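Copied over from TrEMBL, here are the features:
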- 1-24: region 'Disordered' (REGION)
- 97-121: transmembrane segment (TRANSMEM)
- 133-158: transmembrane segment (TRANSMEM)
- 222-239: transmembrane segment (TRANSMEM)
- 307-328: transmembrane segment (TRANSMEM)
- 340-362: transmembrane segment (TRANSMEM)
- 374-392: transmembrane segment (TRANSMEM)
- 465-485: transmembrane segment (TRANSMEM)
Amino acid sequence: MEEETETRVFLSNEQHQEEEEEEPSLPRSMVISLYLGYFLARWGARTWEFSVALYMIYLWPNSLFLTAMYGVVESGSATLFGPIVGQMIDGMSYVKVLRLWLVTQNLSFIVAGGAVVALLVVPDLKSQNFPVFATLVVLTNLSGAIGVLSTLAGTVLIERDWVVVMSEGHSPAVLTRMNSVIRGIDLSSKLLSPVITGLIISFVSLRASAITFAAWATITVWIEYWLFISVYNGVPAIVQSDERRSLRSSQSQAEETDSASSFYVPLLHEEESYRNTQSRSRILRILERISESSFVSAWRNYLNQEIVLPGVSLALLFFTVLSFGTLMTATLEWKGIPTYIIGIGRGISAGVGLAATVLYPLMQSRISPLRTGVWSFWSQWTCLLVCVGSIWVEKEKIASYMLMAGVAASRLGLWMFDLAVIQQMQDLVPESDRCVVGGVQNSLQSALDLMANLLGIIVSNPKDFWMLTLISFATVSLAGILYTIHLYRIRKHLFHLEKIPLLNNFFAS
C-alpha cells in the first residue's frame, strides 16, 4: 500500500514538473518594467496621501475639519465615479486607459502641489484674504481628488486585469507571486515615502516637501508611460486581451443598436403601442432610466458575484481611523508627536505589511485563500485591541505610541486579508466583469472611507479621537463577522475540531 502511494506521488510530481516545463515563461524584462512603472506611480500617490494631512492640520491648527473635508471630497468622488471609471476602462483600449490614467493623475498632483505651495508662501493668508485662501483649499481638494480618482483607474488596470492576463497559462503560484510583489511594491512606497517626506518636512520645510512632490509628478509621468507601453508591446497576452475587449465592446454596441431598432420600429407603425408608451408616468420613465444607467448596472453586476460578502468585508475596513491615514496622522501631529516619528511609524507599519506579502503565499498554498482570509482577519482584530486599550491610558505620549504600535502590528493580518480577498476576486470573477467589479469594489471602499471622514467632520476635536477609535473597532468587528459567515456558507464549518489533539480522542470514540 505504501509503495502504491509513493508511486502515485512520484508520478504526480513528475507530471507536475512536465506541466511546468511546458508553461511559457514570462519575459523577465517586461515583468520588471511592470513592477518599476507601478512603483513610480504608487510612490506619488502614497506621498500625497501622507502629506495632505500635514498640510491641512498646518493650515487650520487645533481642528480636524480641513483634513476630514479633504477626505470627504476625495472619498466622495471615488464613491460616485468609481463604478463609472470601471466601465470606462472596460470600454477603452489599454493604451487610452494608460494615457488617461497617467496624464490625469500626474497633472492633478502638479496642480495640487502648486496650490499647497501658494498656501504656504503666505502663512497668514486665511486671516489676510480668506476668499483666496478658500479658493486655493478648494483647488487643492479637487485636484487631489481627481488625482486619486485617476489612480483608481491605474489600480484596476494593473492589479485586477494585467496581472491576471499575464499569469494566464501558468500555475496558480505565478498569480499569487505577482499579487504579492504588486502589494509589496505598494507597501514599500507606503513605507519609504512618508519617512522621506517626514524628514524633508522636519528638517527643511513643508513648502519644500510640496515643491518636491510637484517636481516628482512632472518628471515621472514620462518614465511611467514608457515603461507601461513597453509591457503592453512586449507581452502578447496583453495585446490579445485588448483585442478581445475591443471585440466585446463592438458587439455590445451592435446589440444596443439592434435593440434600439427593434424598439423604435413598432413605435412608428403601431399607433396603439405608441400611445401606451406615451401614457407612462414621468416617474416610471425616470426610474427606468436610472435602472438602465451604467452606475446601477455596474452595482447589479457586483451584487450578483459570488465574492460579494468578502468584498463588503474588505470595504468595511475602510470605515476606520485606525490606520496611518489623514485623520490619525493629523491627530498624532496635534498631540505633539514629531513629524519624522510619525513618518517612521508609518514606515514600520508598511514594513509589517511587507511581511504579509511573504507570509501570504506560504499560507494560501497550504490552507487556501478562503481560510487564509479568516485567520489573517482575526489576527488583525486581536492587534487592534491594543488601540482600544490606549483610550484608558492617562499619559498622552504613551497612549499615542500604543495607538501607533497596535495599528502597525495589525497590518500583517490586514494585508494578508487584502491579498486573500483580491485573489478570490481574480479567481471567481469572469474576465468580462473584472474591470466593472474592480471599479465598484473601489467605489464601495471609498464610500466607507467617506463615512469615516464625515465622522471626522462631526467629531472634529482631536481630544475626542477615542470616539472614532471605538466606532472603527466596531466596524472592523462587523467585517470579520460577515467574512466568517461567508466562510461557513461555503465550507459548512469553521474549524476542523477533530484535528485538535485534545478533541481527537473524543471524535475517535
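The chain as shown is numbered from 1 upward.
The backbone N, Cα and C atoms fix where each Cβ goes, glycine too.
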* **Leading contact stretch, 97-121, 133-158, 307-328, 465-485 vs the transmembrane segment (374-392) - CB distance under 8 Å** => 465-485
* To do: Please work out whether the transmembrane segment (222-239) lies in contact with the transmembrane segment (97-121), by counting C-beta pairs under 8 angstroms that are 6 or more apart in sequence and asking whether there are at least 3.
  => yes
* Do at least three C-beta pairs under 8 angstroms join the transmembrane segment (465-485) to the transmembrane segment (307-328), pairs 6 or more apart in sequence? -> yes
